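S.K.: For reference, the structure I am asking about is given below.
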Amino acid sequence: MRAPGALLARMSRLLLLLLLKVSASSALGVAPASRNETCLGESCAPTVIQRRGRDAWGPGNSARDVLRARAPREEQGAAFLAGPSWDLPAAPGRDPAAGRGAEASAAGPPGPPTRPPGPWRWKGARGQEPSETLGRGNPTALQLFLQISEEEEKGPRGAGISGRSQEQSVKTVPGASDLFYWPRRAGKLQGSHHKPLSKTANGLAGHEGWTIALPGRALAQNGSLGEGIHEPGGPRRGNSTNRRVRLKNPFYPLTQESYGAYAVMCLSVVIFGTGIIGNLAVMCIVCHNYYMRSISNSLLANLAFWDFLIIFFCLPLVIFHELTKKWLLEDFSCKIVPYIEVASLGVTTFTLCALCIDRFRAATNVQMYYEMIENCSSTTAKLAVIWVGALLLALPEVVLRQLSKEDLGFSGRAPAERCIIKISPDLPDTIYVLALTYDSARLWWYFGCYFCLPTLFTITCSLVTARKIRKAEKACTRGNKRQIQLESQMNCTVVALTILYGFCIIPENICNIVTAYMATGVSQQTMDLLNIISQFLLFFKSCVTPVLLFCLCKPFSRAFMECCCCCCEECIQKSSTVTSDDNDNEYTTELELSPFSTIRREMSTFASVGTHC
């Protein structure tokens, strides 16, 4: 029989082994006690285990308490997996899983959740706890338990997500407390924590399709930040491609408005083609024919240049705006198109006045075989005065014009852009005061300078010139009767150009009067109609002016036909078989506006200085 001391020593060793076994099994999350709470083999009573566990782990940190804390954590994780998704609802006829987010954006919270779900919040808080609460030195059993728990959680929901990388993704990204995750599918996350998050232009993007949305920003169905979901009550966001709103198609579908667009397009093509060809022909005739370089023809070529500029530059921009309700060059075209148009009106006004003065001088010198004695410098000086005066008088239009955008009420459509008269308050004081003065006097200045001055002055000068021509015709001899007829013909041409100009400028003045005095009683559609009519009449004037010159002025029509038929042998043979009387009339007609020549000049001399085409 053994001694009692040996029995006590054996019992002490058994208790020590049981204590070590309880500690190891608690660290692994396994309870050693059985259902009847009795000790098996080398185990001890549950009360001893509970007491030893409390002594080993500290108050409230026994193995059973840790197991109790783990159960709600798993329930929270399951609830997070079964939570509602934030995807867009599927469009009709598309994949039903393509978008459940609009439903979530309408029913769900407009902003981010206040805090991530339970497990993530607990991990983030654990990373911020001081190290002394978990023990010092070697890793404690609680740390081992957390590591094993995280490894067990790796599965369909958290495969490849380690506790360390997940903790870093929350701790190292600035403003991590404001970041949240939007699941794309139920049970699938929208983020990856294998690699550090990379910043994109619109937010923080993870890797392998994981994306972190910014506060108040929901992800699209494809998980990209480029296409933002419009949240209720917030502004619409999107990438640069989505910001490019669709332009209006004026030709489809076929409606009453599309028929009007086709009519506008066809009319503009006719005006563009006729105006470009006619004005280029006038400029080429004057530049390539030495005998046509008189002061009057130079003025007409200058007028043709500005008409060409109006048609070539302004007409496409105006038509584009009329069809799409958008200015092609935006603010630049809004300012430069009115400026060129008003400058063209000034050039036309001053050119008509200069032509009237030139015709009056020609009529008073008919009996002396009127010849142009002005040199090139004198002609250049007159053209420079016309240009500088017209450009300076039109300069306030650049200051007054501002681009305004109006919403059409159609989703996805570009807002309508209008070029309105509005003075910017950012201008310097001097320019601002001048702009206000010009704006208050613009109506009467426009009417007086660009309508009354050319029409009244031209009509008055034409009447005086016609009277001089009649007096010269009564006292003339048969030798210069043809010259007098040509002067009368040219005077009628100037009057016809003035009538055409006055007719085309009337709608612009009517539009200005309506805008100044009757703007409240007239609808916007009526104002738009008046504007487009005045624009088209201005282009029509620029298109018809060369046609009128070719019809009423024989030197221009003959030179145009020679330029068109200079390569045709039939036209050359036909021109060589004319009668001597016709040759004399043509010779007199061509010399009517020729520089540095008289009627007595020989045909050979004339032929040597003339160049065709």
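Heads up, the Cβ atoms here are built off N, Cα and C, so glycines get one too.
Per Swiss-Prot, compositional bias 'Low complexity' is recorded for 89-108. According to Swiss-Prot, the disulfide bond annotation covers Cys334-Cys419, on the basis of sequence analysis. What Swiss-Prot lists as N-linked glycosylation site is Asn36, Asn222, Asn239. The region 'Disordered' annotation in Swiss-Prot covers 80-138, 152-172. Look at Swiss-Prot and you will find 1-26 tagged as signal peptide, backed by sequence analysis. According to Swiss-Prot, the feature topological domain 'Extracellular' maps to 27-265, 321-335, 401-443, 515-531, an assignment based on sequence analysis. Marked as topological domain 'Cytoplasmic' by Swiss-Prot: 287-299, 357-379, 465-493, 553-613.
Each of the listed features needs to be described in terms of its position in the shown structure.
M.R.: Sequence-distant contacts (6 or more apart, same chain, Cβ under 8 Å) of Cys419 (disulfide bond) comprise Trp327, Cys334, Val337, Pro338, Arg401, Gln402, Leu403, Ser404.
On the 0 to 100 pLDDT scale, the topological domain 'Extracellular' (321-335) averages 86 in this prediction.
Residues 443, 507 of the same chain lie 6+ residues outside the topological domain 'Extracellular' (515-531) yet bring a C-beta within less than 8 angstroms of a C-beta in it.
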S.K.: Would you list the DSSP helix, strand and coil counts for the residues of the topological domain 'Cytoplasmic' (287-299)?
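M.R.: Looking at the topological domain 'Cytoplasmic' (287-299) with DSSP, the answer is 10 helix, 0 strand, 3 coil.
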S.K.: Using DSSP, what's the helix, strand and coil tally for the topological domain 'Extracellular' (401-443)?
M.R.: 15 helix, 13 strand, 15 coil
S.K.: Which residue counts does DSSP give the topological domain 'Cytoplasmic' (465-493) for helix, strand and coil?
M.R.: 27 helix, 0 strand, 2 coil
